[in-house]
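Colleague: Can you read through this structure? Questions will come right after.
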């Protein structure tokens, strides 16, 4: 079993980092402290030894010098007095047991000299202050000092300081390990909760710590992502169920027609025609599903500048005249889009309008300061408020009047929304103005770079066959003057 310190976790790495950083800082600090302590102790020894030498010099001047010299319990216990000829004339008891403290004699111009005398091995040292009583050649000299204290020994003080530095570094690492563990506790709670969330149980959420720190925002972002994922899974499940039902219907129809043809060979032609219709419907559903799957995978480089007005005119003109279609278009309304996808959106909206219109379909293209706007109106039954978002769901139909009996795969508006939103636009349903019957779909797309300009200028009514008062598409939005009125 690996120790926590050997674990590759973030917590262990931070603890090791704290330990290493503390060691890097504390070990040099221990060396500096050792040097400072030694300097402080040495300064204290120099001061006390100078005081002792000065006191002995006063005894010499007063004629009260005795041999052996009394130290008075002072820690400066090594005292010697040298006569004018350099010989020792008096010394302390402790000085008798050691060699001469120092052969150094101060120069006439220097009253005090301080020196360190060490043995040949360098392990035993003496701190000695030499005081010259007068600058004359026959002056007495006083030597006062003591052995270096144990704190100066490299084998005692420095190892103790280094050991203390290492212990403090280890304490810093242990503290960092525990503090990091407490700080990362919300992350572990999030991780354990995420591990419990599966496709079969996508409704779980991670706990959100109180406050507004990074962990709280992380938990909120995770819950937002889980909510979107849950919604996506629910939509996929609903889509799979709807797609299965929609695909099963034509397949069942084909099977029924084939069985009928086998039982009644004389009706084979009629059965094959019905089976062919079901096959075409099945093919249309599969094609729409593939288009939905590919919309978001088209790269930006595949898009081009498309004149929305020309695209709409071409789409209107190529259709069979099932119902009168009144077209108002403003030239130069250019967007950056995938042409075939945008053409499919226009076709789907026209199909939907023709399927539900009573007598007329109205199409209008205009531009605002930064957007291209397409209006497709039919004079059929209005769509209830509660259904205006749901009609863009896959295979959703509002009521029996908008059923598969009227044609379509149930994916047209879903494709329209996917394509429009993939191009950075929006699509919505709104009521027709002035209380006229019908419903209007409005698509807004960003204008292509370089195409942004003034909106469609104001005008009284479109140039065409009908004045604004009796035009079948009389609920035009204000602020435009379309360039034409074409009926197909």
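Any Cβ shown, glycine's included, is placed from N, Cα and C.
Those TrEMBL annotations? Automatic predictions, nothing curated.
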Colleague: Scan 12-38, 39-65 against TrEMBL and say which stretch is down as transmembrane segment.
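Modeller: My reading of TrEMBL: the transmembrane segment range is 12-38.
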Colleague: Checking feature assignment: transmembrane segment per TrEMBL, candidates 90-111, 112-133, 134-155, 156-177. Which range matches?
Modeller: 156-177
Colleague: For the domain 'HAMP' (181-234), what are the DSSP-based totals of helix, strand and coil residues?
Modeller: 36 helix, 0 strand, 18 coil
